Amino acid sequence: MATFGASTTNVNPNRSAEVASPPSDSVSSLCFSSKANHLVATSWDNQVRCWEVMKQGTNITTVPKASISHDQPVLCSAWKDDGTTVFSGGCDKQVKMWPLLSGGQPVTVAMHDAPIKELAWIPEMNLLVTGSWDKTLRYWDLRQQNPTWVQQLPERCYALTVKHPLMVVGTADRNLVVFNLQNPQTEFKRVVSPLKYQTRCLAAFPDQQGFLVGSIEGRVGVHHLDDAQSSKNFTFKCHRDGNDIYSVNSLNFHPVHQTFATAGSDGAFNFWDKDSKQRLKAMLRCSQPIPCSTFNHDGSIYAYSVCYDWSKGAENHNPSTAKTHIYLHQPQEAEVKGKPRAGTSSRK
């Protein structure tokens, strides 16, 4: 029997595999290598960690591989397309490039005047792009010390997504700044978020024709760039429980089926099909929020962190019970394969 007064909520109700030796503080970003099942997590304990994920049938095991430190909390990460090098940025206002698999030492390759919230490697341009709370976006050629271009933003960068040639940046004033990376020095379009509250996360459509936006108010917007497609735009509610409304913290498209996952501060992750406007699967709620998530390169593993996200302030943070977990879920085809629309063949 549970101890009197103790919480009986299950931290891992979906029975996901657990990553060994997780961070000692909340996780801020997760990313998989595009070449192998190497998972990187950044966290508020100033660390960047990497695990090797091994899959045998339905069994998943993880081995901690390496870690590096920043001087302050780390907020974002991305792999280079070579699958061997990791970029990480955060509150120390710098990006470190870490030749992880070759065992090299990290070097600073980018700087801002305020914390770096987002970064992405753009292989088609051989450039790194960084977005900061200093209200700029900067492009970096790793062979040069200074940025190749500094783009002013209307406000602090809160979210960023790239699917070349499309890039969308979400700023603190609910602006969504769209760039065509074939002409990166000019804004392509500026859209006010279809959601009424602060932008939390973005995900570009796999076909580059639009993007998803998630807000702190338990809602996701599906937005097409072409005005002729505007009739397909819609928003939907999610990550709610009765009158309780939770932030949508993460949006990830499945790399094969092009359905998507949402993860939220209610401790749940769900799989959706935007084309049929249906939820494919609602997973059981964890006992703590999910601040970030990601699919591996073939979509066979969905990684998500379960930890306190500070959405209820410091008074609700109990260091003695606030353990951080990173879980690995293996999506079943029924969870992530979209449903055929009327009038279309179900064959792929």
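Cβ coordinates are placed from backbone N, Cα and C, and glycine is handled just like the others.
Note: TrEMBL annotation is automatic and uncurated.
Matching 1-25, 226-250 against TrEMBL, the residues noted as region 'Disordered' span 1-25. For the repeat 'WD' (109-150), the model's average pLDDT works out to 98. Using a Cβ-Cβ cut-off under 8 Å and counting only residues 6 or more beyond its ends in the same chain, the repeat 'WD' (248-282) has close neighbours at 200-207, 212-216, 218-220, 222, 234, 236, 238-241, 288-295, 297-299, 302, 304, 306, 309, 311, 329, 331, 334-339, 341.
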